[in-house]
Structure formats: structure tokens, C-alpha cells
Amino acid sequence: TLSLTMLQILLQATLLMTSSSLVAASEGDQAYVHHICMEKCLAKAGCSEAKVRRDRAAHPLTRWTTDSCEDQCKHDCLWQTVTAFHRDGLPTPKFYGRWPFLRLLGLQEPASALFSALNCACHVYMFAAFREQVNPQSPMYNVWHLYSLVAIATWLSSTVFHAKDIPLTEQLDYFSALLYLLTCLFCLACRVTVQRDNDYSKNRSNLIGLAAVAIASIVFYIRHVWYLSCVHFDYGYNMTVNLSVGAANCIGWLIWSIRRVRSQPYTRDCLLTVALLNGLVLLEVLDFPPIWWVLDAHSLWHGGTVLLAVPWYRFAIADCNYLLSEKQKSL
């Protein structure tokens with residue numbers, strides 16, 4: 001019941017979260033004042049349709065370092081539109097599915113970029129702690145190394161995306177998020193196959209099963225990336241895939257840790273991490289205009305996940321040490 005309730009909360013909140021960010025057009029960018037402002041700004045900047053197409057086709061590094069004439073006009077007209085809405089007593093509108101944010105040091109979403117960087121730093125710190133406190137002979141040692149490297153890369157991609165939203169950084173963010181979820185699921189599969197009296201890497205049947213899971217995950221991931229990159233970048237399909245893999249992770253880790261919480265008390269850290277993660281998703285339901293034009297619900301979600309790496313790695317460390325002790329007893 002607990003796992004199903006948390007899953008329902010996760011699915012409902014995540015659907016609300018993603019649906020708000022996948023809207024192609026919003027009240028702000030569809031407003032008459034915004035259209036008029038864009039026409040004047042584009043004409044004044046000499047931003048013709050041909051120039052817009054050239055800017056969009058520019059090298060990713062060029063788009064990262066400089067704003068196109070179209071992007072600059074969108075940013076300037078955004079604030080003119082917000083001012084017009086407030087002058088008429090209307091609430092703050094969204095633009096292209098997103099709230100307006102104040103740019104700090106050139107960052108498009110400064111709070112989300114900062115909190116994503118802090119998440120990355122926390123994973124780096126806890127990964128170092130893991131390496132100090134866990135013997136390399138532990139059965140899950142290499143598996144958690146894989147997890148840590150993917151997690152660090154994922155939060156780094158999130159940082160870059162929130163700092164500068166261009167097609168390349170958007171794809172990096174989405175693709176790394178799915179890679180992270182698949183890696184978590186693979187970690188769960190590895191942990192389930194580890195028995196009290198053996199090392200999965202020395203058991204042929206377990207090794208074959210894990211190899212099959214790894215190959216299937218890699219093939220699925222490559223096909224997913226290929227479809228979104230080369231066929232059609234389908235936001236709905238991408239959301240469905242991430243929700244499905246995330247739900248499998250949520251249910252799997254909850255069931256596994258609940259069944260062991262009495263015999264292995266340290267699994268409470270696993271339960272705590274999953275429960276807090278599901279609770280933090282509720283922040284997305286509170287979708288509200290940015291406070292001080294910087295802090296919105298999504299950035300607070302990223303801020304809340306910063307310290308979740310602590311109990312999660314604490315669980316990984318304790319579990320590896322537990323497995324090592326059981327392995328030594330069997331030997």
C-alpha cells in the first residue's frame with residue numbers, strides 16, 4: 001500500500017510537472033503585446049527569417065556563447081509583456097511553457113542551474129566518501145562506481161541545460177536523465193542477485209542474467225536516443241518512458257528495502273531517500289511564478305534533492321560493508 005501510494009503521488013505530480021514544461025505556446029508568448037514587441041524588435045535588429053534560420057543552424061558552441069537576434073528579442077519582449085500584464089492587473093504569464101526568469105551572470109534559470117551544480121558537487125563528495133569507506137573487494141563496489149559516475153554526469157548535464165537552453169543541452173539533459181534511471185534499475189538488479197553467501201560476479205547463472213539485463217538496457221537506451229535524435233523528438237514519448245522506468249525504480253527499491261529493514265536496519269536510509277524523493281515531487285504541483293524572478297517550484301525541487309545523496313550513499317556504504325562481511329563469513 002505504501003509503495004502504491006507513493007507511486008500514485010509520483011506519477012500524478014510528475015505528469016503535472018512535465019505537462020507544464022512541454023507546452024509549445026503559452027499565454028505570454030501568444031499575447032498581442034508580445035507579438036507587436038517581437039515584430040518591432042526583429043525589424044530593428046535586422047533579424048530576418050533567413051538570419052533566424054542561420055542562427056538556429058549555428059554550431060552549438062556558437063549558440064552557447066552568444067544569443068541569436070531572435071533569442072535576445074524574446075528575452076526583451078518577455079519583460080515588456082510581463083509589465084503590460086501586471087499593469088492591467090493580470091497574473092504573471094508563462095512563455096513557451098516556462099516562467100520568466102531573471103538572468104544572473106548569463107544563466108537563463110539561475111536557481112535551477114545552481115542547485116543542479118550543488119547536486120553534482122554532493123555526489124562527487126559522497127562518491128569520494130564511498131571510496132574511502134568501502135573495500136574494493138565488496139561485491140557491489142564496481143556497480144556503485146558506475147552509478148556515481150552516471151549521477152555526476154546527469155547533474156552536470158542538468159546544470160548546463162538550465163544555464164543555457166539550446167537543443168543540444170536539452171537533449172543532453174533528457175538523455176542523461178533516462179541513463180541515470182536505467183543505471184539505478186541496473187543497480188537494483190545487481191543487488192537483488194547478490195545472495196548472503198555468494199558474490200554475483202562468481203555465479204555463472206547470475207552473471208548471465210545481469211549481462212542480459214545490461215544488454216537489453218543498452219539496446220533500449222540506444223534506440224530511444226536514436227528515435228528522439230534522428231526521427232522525432234517526441235516529448236510525450238520521452239515522458240512516458242522516464243515515468244515507466246522511474247516507477248519501476250520506486251517500486252523495486254521500496255519492496256526490496258521494506259523486506260529487509262528488520263534484518264538490515266541500515267536499509268532505512270534507502271527507504272528514507274525514496275520517500276523524501278517522492279515527497280519533493282509534490283513541489284512541482286505547487287507550480288507558481290518565480291519568487292524574486294529566480295526561485296520557482298522546479299528550482300526548489302532541485303534544491304531539495306541536494307542532500308538526498310547523503311542518506312543514499314550512506315545506505316550504499318553500509319550495504320557494501322555488510323555484503324563484504326557476509327562474503328568473508330562464507331569464505
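Heads up, the Cβ atoms here are built off N, Cα and C, so glycines get one too.
Per TrEMBL, the feature signal peptide maps to 1-25. Per TrEMBL, transmembrane segment is recorded for 111-130, 142-162, 174-194, 206-227, 239-258, 270-295, 301-324.
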Near the transmembrane segment (111-130), which residues from the same chain, at least 6 beyond its ends, have a CB less than 8 A from one of its CBs? 144, 148, 151-152, 155-156, 158-159, 162-163, 290, 294-296, 298-300, 302-303, 305-307, 309-310, 312-313, 316-317, 320
Thinking of Cβ pairs under 8 Å, which stretch from 174-194, 206-227, 270-295, 301-324 has the most of them with the transmembrane segment (142-162)? 174-194
Residues outside the transmembrane segment (206-227) whose C-beta sits under 8 Å from one of its C-beta atoms, at least 6 past its ends, are 175, 178-179, 182, 185-186, 189-190, 193, 200, 234, 237-238, 241
